[in-house]
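Quick look at what Swiss-Prot annotates:
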| type | residues | note |
| --- | --- | --- |
| BINDING | ASP67, GLU98, HIS101 | Fe cation 1 binding site |
| BINDING | GLU98, GLU172, GLU206, HIS209 | Fe cation 2 binding site |
| ACT_SITE | TYR105 | active site |
Amino acid sequence: MSLLKGRNYYKPFTYPEFYNKWDKHEKSHWLPSEVPMHDDVNDWKNRLNDNQRDFLTNIFRFFTQGDVDVASAYYTQYLPFFKLPEVTMMMGGFAGREGVHIDAYSYLLETLGMPEATYKEFLMYEEMKDKQDYIKKFSDSRHILGKGEENLTTEDKEHIAAGIALFSGFTEGMQLFSTFAMLLIFPLNGFMKGMGQIVTWSIVDETQHTEGMIELFKVFVEENKTGDQPIRPSVLQETVYKIAKEMVGLEEAFIDLVFKKYKDEPINDDNDLETKDNKDFFGLTPQRLKAYIKYIADRRLNLMGYKSIFNLEPYPTNPLPELEIMINAPTHTNFFENRSTDYANVSTKGTWSEIWNKPQ
């Protein structure tokens, strides 16, 4: 068996597990137009203060672009190499859903009245541009394309595997979750509920994407540890660890940027990692958020079969336990309405307004 070999027929599947992931993912389709946003507009204009709007604006500047870059990775880094129908179906489904995310985040920005110039403003901030520049270093696979499986070198195979770790493990699986955490503190406290619904559904998607692609990573590495030009497990491990550390560092710089305006406030006391009563950010501190992304990065490493490298203290468990259920559960309790957000189309009947207002 080989993930890199194509097949001239649809069935039998070589890797039915990837078809199953596609099937589950496609039953969870959604569109941004299904999310009511009128309360968010009122919150933005009348309920949020200047600090909160400024905080969210800094996040929004890179929010859409982050998923544009992830979607591009599926088309340029993954699909050119993996030809089997069940694998391309899974990847194609994931890539298509990134398009939904891009449109949803854009829908949010435009509903709030933000100008189109917002989409390019991230280029003015070193901390945001550095995140994009880093992943672009891994985006050029022209030296591999067209070689054919039999001509791939050890370095080529390690490049493919490291790219999956970077894009799916630490971009989708860690950096996006950092953004989700910063955004979710608002709907968890009664603000921006439409934004919260978009983020909640995106979490479901990105969890499936991360888990599906990391499973592919493990199968690919296992298949290529022997034979001609084998992957060197110790070399790949060190590469993945290096990527994890560098991407966590980039995300920490972004977190510092988002909180920079408030650096003189007590929430940024480097000696205090615990929640403080901050009325603008509901107790979320840069320290807790940085601990959280390290916690998430370790979980992604564990899923790949590697040991944790951050080993957080004083947080041996999730530093943001209020988000635990939203990130790890397949069906989430909607904190904003206390209703299920399992949005599988096969189980949805009637209009969305009827669903939201249905008695429990």
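Glycine too: its Cβ is placed from the backbone N, Cα and C atoms.
Its Cβ taken as reference, HIS101 (Fe cation 1 binding site) is surrounded by 25 other Cβ atoms within 10 Å in the chains shown. Cα distances from HIS209 (Fe cation 2 binding site) to the recorded positions ASP67, GLU98, HIS101, TYR105 are smallest for GLU98. Between the CA atoms of GLU206 (Fe cation 2 binding site) and TYR105 (active site) there is a gap of 14 Å, rounded to the nearest whole number. Rounded to the nearest whole angstrom, the C-alpha distance between ASP67 (Fe cation 1 binding site) and GLU172 (Fe cation 2 binding site) is 8. Close to the recorded Fe cation 2 site, the chain also has ASP67, VAL70, PHE94, ARG97, HIS101, SER168, GLY173, LEU176, ASP205, GLN208, THR210: residues not among GLU98, GLU172, GLU206, HIS209 whose Cβ is within 8 Å of the site's Cβ mean position.
Each of GLY66, VAL68, VAL70, ALA71, ARG97, GLY99, VAL100, ILE102, TYR105, SER202 belongs to the same chain as ASP67, GLU98, HIS101, is absent from that list, and has a C-beta within 8 angstroms of the C-beta centroid marking the Fe cation 1 site.
Cα spacing between TYR105 (active site) and GLU172 (Fe cation 2 binding site): 15 Å, rounded to the nearest whole number. Geometry remark: GLU98 (Fe cation 1 binding site) versus GLU172 (Fe cation 2 binding site), CA distance 10 Å.
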